[in-house]
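Everything below concerns the one structure shown next.
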Amino acid sequence: MVWNPFHIALAVVYIASLLLVGVLTGRRRRDSNQFLNATGAFPLWVCIAAAIAANCGSLDVIAMMALGAQYGMLACHFYWIGAIPALVVLVFWLLPAYARERFPTVLDFISRYYGPETRAAVALGMAAMMLLLAGVCLCATAQVATSFLGWNFLSGVLLTAALVLFYTWMGGLRATVYNELLHFAVVLAAILPLGYFVVRDFGGVRSLISSIPSAKFHVWQTLPWISPHAVMDRFGVILGLGLVLSFGYWSTDFVLMQRALAVRRAEDVQYVPLALAAAKLIFAMLIVVPGVIAPLVLHLGTAPNWNATLPAMMLHYYNPWWVVIGITGLAASLVSTFANNVSGFSAAWMQGVYRPWIYSRGSESHYLWMGRIANAAAVLLSIGGAHVALEYHSLMEYMQMIFAAFNGPVFALVALAALAPRRAAGGGVAGFVLGLASAVLHQALVHAGVLRYGSLMTANFYAAVLSFGVAAVSTLIAARVNRRKRKEPGLISEPVRLSGHFSAPIALAALAILLVGIACNAIFR
């Protein structure tokens with residue numbers, strides 16, 4: 001498309017807004033924790049909006065619409081099974097424990113239950129995961145620029161990297177959170193009209209639903225119980241996605257934890273994941289259904305690039321003026337998600353590795369400076385990650401492969417610490433390393449053709465179960481061998497108890513969200 005002066009002015013205003021936020025928030029930093037985590041720095045509504053923006057942004061929209069086009073309504077499992085139950089459990093169990101014990105991140109939780117060695121191992125793993133996910137965001141941003149603007153891949157990558165490097169260097173997490181609000185407002189303006197145009201094109205909601213091919217309508221009836229050679233099976237969806245990937249992601253997610261714990265009042269922490277669960281219900285219909293319909297509208301062919309589904313739908317339905325809004329919205333939210341992972345990498349590296357193991361006697365100004373260096377390193381390294389992500393036709397399949405390898409073992413450690421800490425202490429390093437290694441070996445065998453599955457997503461689900469199981473068993477065995485570590489002073493030896501704060505609004509909202517999720521599964525069963 002050809003840009004006119006209005007289009008250019010809109011892009012300039014948007015970029016200037018991002019840079020201004022970075023400058024203004026950078027003036028208010030107090031110490032390295034405020035730069036990296038901003039604990040207790042925001043009112044509740046800002047944290048809720050930032051959490052929704054971080055987890056329902058353009059990367060989620062692009063990936064889930066692509067997944068809808070590829071798998072049909074089965075993509076809704078990533079919301080109904082892969083998000084909502086875990087978020088509700090998080091509300092009443094793990095997150096209150098984080099707030100009660102004043103753990104700024106999951107690394108502090110790991111440290112108090114397993115010790116500093118396990119914390120360092122997990123920090124290195126999570127930092128690597130953040131780099132890979134940042135590469136996914138860069139890849140998606142460059143593909144948007146390629147689809148809409150005709151840029152080459154490297155140009156889109158370099159512009160995004162430079163923009164994020166500036167405002168995370170200046171303002172840290174505080175700048176990232178405030179920019180998330182700006183991004184989310186623009187991305188909503190970009191995608192909401194798409195749902196309206198699709199419904200109008202098909203003559204109403206009922207006609208739209210009836211137009212979904214029967215092979216892509218059902219979320220349970222078409223799934224065998226155990227069949228690795230199927231596109232998906234119930235074993236993989238329930239255990240791989242619903243247990244390991246879901247709880248592994250949401251109970252260890254740096255981005256969500258940072259935003260929830262950034263709320264000023266500790267008693268308000270529970271509202272953040274609850275609001276996010278409600279948003280996931282809405283986005284399931286808003287994003288997946290247009291993706292399911294996309295093959296009927298676009299005629300994607302026999303070997304489509306699923307990642308291009310959303311840009312193609314926008315070009316099909318929007319006029320040139322609204323396409324500019326769409327470009328801005330997608331780019332805005334992708335930049336936001338990229339910045340989230342950059343900030344997460346910096347927090348994992350600085351608080352899990354650099355400060356406790358490399359240089360523990362530095363001043364606050366030193367750690368602020370090194371936090372900025374970590375941000376810059378993350379941006380530069382993620383450029384390589386973007387070229388790795390480019391090799392995958394479905395970004396969601398690639399992301400789930402990453403989560404299966406890294407989050408599965410971390411969730412095993414978190415679950416054992418929360419349920420049986422005395423049996424697990426002393427085995428964390430072995431459990432995490434062996435769990436991660438098992439997932440990497442599994443995926444290598446899949447890519448080599450030694451192990452064959454019906455889809456890469458099914459392979460990811462089974463890899464998640466494998467990494468979780470290996471990590472859990474290895475942790476318990478290593479802890480039994482290393483009994484001396486279990487007596488180390490300072491480690492928490494009591495299981496995590498349920499929150500004692502069951503206010504009526506929170507309990508009723510959680511129940512309503514679960515019931516709506518169950519109803520959606522029943523309707524599309």
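Cβ atoms are placed via backbone N, Cα and C, with glycine included.
Where the annotation comes from TrEMBL, it is an automatic prediction and has not been curated.
What TrEMBL says about this one:
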type: TRANSMEM; residues: 6-24; note: transmembrane segment
type: TRANSMEM; residues: 44-66; note: transmembrane segment
type: TRANSMEM; residues: 78-99; note: transmembrane segment
type: TRANSMEM; residues: 149-169; note: transmembrane segment
type: TRANSMEM; residues: 181-199; note: transmembrane segment
type: TRANSMEM; residues: 235-256; note: transmembrane segment
type: TRANSMEM; residues: 321-348; note: transmembrane segment
type: TRANSMEM; residues: 369-390; note: transmembrane segment
type: TRANSMEM; residues: 402-420; note: transmembrane segment
type: TRANSMEM; residues: 432-453; note: transmembrane segment
type: TRANSMEM; residues: 459-481; note: transmembrane segment
type: TRANSMEM; residues: 502-524; note: transmembrane segment
Note: vs the transmembrane segment (459-481), the recorded stretch with the largest number of Cβ pairs under 8 Å from 78-99, 181-199, 235-256, 369-390 is 235-256
Between the stretches 78-99, 321-348, 369-390, which wins on the count of C-beta pairs under 8 angstroms to the transmembrane segment (181-199)?
-> 321-348
Take a look at 78-99, 321-348, 432-453 and tell me which one has the most Cβ pairs under 8 Å to the transmembrane segment (502-524).
-> 78-99
Chain residues in Cβ proximity to the transmembrane segment (78-99) (below 8 Å; excluding those fewer than six residues from its ends, i.e. six or more beyond) | 64, 67, 106, 109, 219, 237-238, 241-242, 245-247, 249-251, 257, 260-261, 266, 269-270, 272-274, 276-277, 280-281, 283-284, 288, 396, 414, 418, 496-499, 501-502, 506, 510, 513-514, 517, 520-521
Same-chain residues at least 6 beyond the ends of the transmembrane segment (369-390) with a Cβ under 8 Å from one of its Cβ atoms are 32, 35-36, 130-140, 142, 153, 157-158, 161, 164-165, 168-169, 172, 338, 341-343, 345-346, 349-350, 354, 359, 362, 398
So, does the transmembrane segment (402-420) come close enough to the transmembrane segment (321-348) to give 3+ Cβ pairs below 8 Å, pairs being at least 6 apart in sequence?
-> no
Apart from its near flanks, which chain residues at least 6 from the ends of the transmembrane segment (432-453) lie with a Cβ under 8 angstroms of it?
-> 118, 121-122, 125, 228-229, 401, 404-406, 408-410, 412-413, 459, 462-464, 466-468, 470-472, 474-475
